[in-house]
Amino acid sequence: MEGFLGFNHNHCFIVLFFVSLSLAQYEHWPYLPGYPEPPPQVYQPPRRPADVPKIQLRLAGQKRKHNEGRVEVFYNGEWGTVCDDDFSIHAAHVICRELGYVEAVSWLPSSKYGKGEGKIWMDNVHCNGKEATLAACTSNGWGVTDCKHTEDVGVVCSEKRIPGFKFDNSLLNQIENMNIQVEDIRIRPILATYRKRVPVTEGYVEVKDEGTWKQICDKHWTMKNSRVVCGMFGFPSERKYNTKVYKMFASRRKQHYWAYSMDCTGNEAHISSCKLGNHLNVDTEKNATCDNGMPAVASCVPGRAFAPSSHSGFRKAFRQEQPLVRLKGGANTGEGRVEVLKNGEWGTVCDDNWNLVSASVVCRELGFGSAKEAITGARLGQGMGPIHLNEIDCTGFEKSLTDCKFNMESQGCNHEEDAAVRCNVPAMGFQNQLRLVGGRNPYEGRVEVLAERNGTLRWGTVCSQGWSTVEAMVVCRQLGLGFASHAFQETWYWHGDVSADSVVMSGVKCSGTEMSLAHCRHDGADVSCPRGGGRFGAGVSCSETAPDLVLNAELVEQTAYLEDRPMFMLQCAQEENCLASSAVNTSVTSGYRRLLRFSSQIHNNGQSDFRPKNGRHAWVWHDCHRHYHSMEVFTHYDLLNLNGTKVAEGHKASFCLEDTECEADVQKQYECANFGEQGITVGCWDVYRHDIDCQWIDITDVPPGDYLFQVVINPNYEVAESDYSNNVMKCRSRYDGQRIWMYNSVHNGANQDGDTEERFSAYWKLGNSILFSR
């Protein structure tokens, strides 16, 4: 790690780079704190016609992002809504620009953000998209409508704010609880110890207003305000700070204060949901003053994954000792499908009433900040098993999602409604240490890292020896580009910078959960790469989506049985190496093999289709199955003793991938017959029945006893998936020489129940595993 972040004081450009890493929170700024700011951009809004009344807008309701919500209009002293009749994206653009956003992304009819109250001010709204205000668009007239609040319209605005946007405060004295509208917000480190720390956790809270950064007076500042600000920057909680030190700093220079204070309740995910507080006094130079006060300071507590340690540094994504909540299927740190542990079994959360407040409880529980987005509709993949929680209602101050009010019944919910979150995470500056070069688009290219060599920081390649999809996943995550779709060990077709051809990183081995490639195991300064860099440098291609294969563990348990099969019926299987090595000594005419048979059903619960690694030209024809196999290693079936040693061999070696069955609204795309395209569609599953050739483990040589039965899907990570942790299924098995019992199946990482052995007596008399002979 040190080799990638070091610098030499003799090189000023290296010092600047180190500062930029230290102040990673400001990586998107055009300048660094302490340096002269560029002249503020002044936004010139379109002029409002004199005959058009002044209005104020806000986004309200059950938000899932801070920049979306039900459109509400303040007119004639009262808040009201807008009907969705004749509404268009042009009207949405006008609304978003009036609120300070660059443009609208979409609009939603039929009270998608909940029903409003009071007046419906506008109906049959028609805009051309260039109006200065929504009030300048045509409509039926103020309050003239035949709509109900079930038709309240909502909009989704771009996250980009208009540079230099000026907040119109002309109606401020008429409106109570007006929401905050600012261009941007930051925590600017003041003390030297925080200026050199990653992430930045303490400093002045500043807002960008009319293109200029301004401090906030602390006279009405509360810890609730700090909690909201800390949450926005990826921190789960706030803490007290040394006010005396900051007073000393504040007295040394003149401050430029924002004209308002903030009034947050503490459960907001973004300051745009907070209310404007008191209006400050304004001096003769048009600068707000903070009598006997100083700039407000926020001091934040980072989650464990982001708190630097002298021993481990920043390591893997945050994991609790005994987590009750986890995120699955997300591409980046701090995002994924929400799953909760109940009665020893992981289950999902239904998205009914899912909003930013509840999502923020999940994020803070896992050591992140507030929620950036409350995701609905299984957009980060569908889970399997039970749906544990529904209609969650959090106050925002709960320590865990399980402390919130919720409905235990999941009637009417299915996995197409699985809730997910995207959390605010601290800016660590990791993306500044890595780049992709030479690709056809920003999502692919040769991997180049910034490393210190001989006291100089320079770009270089990564040795491709042993480079796999797992390492590529870390690269894509570090750059914020989603999942890896491919890992490349040759990149001659991507021409990078010749000066960066030298290998600066070798021996890279990742677990897949790291936030940065530098956190993976590697050779450090002792680089060794016989192949060299250049054309053999490691490369990746990234994708915003990925498949996710999950085995139906219950079906394996239910269908397992033993069969004594004559050798003369196994000649084809022996040719495909589906039997144990001792089978060569078994008589073809009188011998038999004892087979543990079962069915497997492999679901694709991800966001994109699972396609084989090899193209059609590399598929292999199998006479026994009468079709082509696209993957030689797709699934491993193993019988292990209790210490994990493999005791049985001989199982299905290669596979054809197809859509055997699909959910009701999903159409099959892949089939093995007639040299068809192979793969598994999202929402479909591939079934390997217990009665097909090689769908077994040869246990002829296995003595009676207790064992572990294991199925591993995509064992070599040849194809990228959004979640590899659910690719392994294990279950306990007991074999008495004539019968076998399968029980207590779990996916990798899940906890087995403590009373398994006590319950085993109930399984002992089950008859679905009795020996069959042919």
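Each residue, glycine too, has its Cβ placed from N, Cα and C.
Annotated Ca(2+) binding site per Swiss-Prot: Asp548, Leu549, Glu721, Asp723, Asn726, Asn727, in sequence order. Here Swiss-Prot flags Cys83-Cys147, Cys217-Cys290, Cys230-Cys300, Cys264-Cys274, Cys350-Cys413, Cys363-Cys423, Cys394-Cys404, Cys463-Cys529, Cys476-Cys542, Cys572-Cys624, Cys656-Cys672, Cys662-Cys684 (among others) as disulfide bond. The domain 'SRCR 1' annotation in Swiss-Prot covers 57-158 and is backed by sequence analysis. The feature N-linked glycosylation site is assigned by Swiss-Prot to Asn287, Asn454, Asn643, with sequence analysis given as support. Residues annotated as region 'Lysyl-oxidase like' in Swiss-Prot, with similarity to another entry given as evidence: 547-751.
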For the Ca(2+) site (Asp548, Leu549, Glu721, Asp723, Asn726, Asn727), what does the 8 A shell look like? I mean other same-chain residues with CB within 8 A of the CB centroid.
Pro547, Val550, Asn605, Gly606, Ile713, Asn714, Ser722, Tyr724, Ser725
Take the C-alpha atoms of Asp548 (Ca(2+) binding site) and Cys290 (disulfide bond) and report the distance between them in angstrom, rounded.
55
Using the structure shown, find which entry in Cys147, Cys290, Cys529 (the disulfide-bonded residues) has the sparsest Cβ neighbourhood within 10 Å.
Cys147
Distance check, please: Cα of Leu549 (Ca(2+) binding site) against Cα of Cys684 (disulfide bond), rounded to an integer number of angstrom.
10
Would you count the other CB atoms within 10 A of the CB of Asp548 (Ca(2+) binding site), including those on all shown protein chains?
28
Just counting, how many other CB atoms are there within 10 A of the CB of Cys394 (disulfide bond)?
22
What are the helix, strand and coil residue counts for the domain 'SRCR 1' (57-158) according to DSSP?
16 helix, 36 strand, 50 coil
If you count Cβ atoms within 10 Å of the Cβ of Glu721 (Ca(2+) binding site), leaving out that atom itself, what do you get?
26
Fewest neighbouring Cβ atoms within 10 Å: which of the disulfide-bonded residues Cys217, Cys423, Cys572, Cys656?
Cys572
I need the most crowded of these disulfide-bonded residues: Cys413, Cys463. Count other C-beta atoms within 10 angstroms of each C-beta and give me the top one.
Cys463
By the count of other Cβ atoms within 10 Å, pick out the sparsest of the recorded positions Cys264, Cys404, Leu549.
Cys404
Sequence gap of 6 or more, C-beta under 8 Å: which same-chain residues meet both conditions with respect to Cys300 (disulfide bond)?
Ile187, Thr201, Glu202, Ser226, Val229, Cys230, Phe233, Phe235, Ser237, Glu238, Arg239
Separation of alpha carbons, Cys529 (disulfide bond) and Cys264 (disulfide bond) (Å):
55
What three-state secondary structure does DSSP assign to Cys542 (disulfide bond)?
strand
Take the Cβ of Cys684 (disulfide bond) and count every other Cβ within 10 Å, whichever protein chain it belongs to.
23
Using only C-alpha positions, which one of Cys217, Cys394, Cys423, Cys463 is spatially nearest Glu721 (Ca(2+) binding site)? These are the disulfide-bonded residues in the record.
Cys423
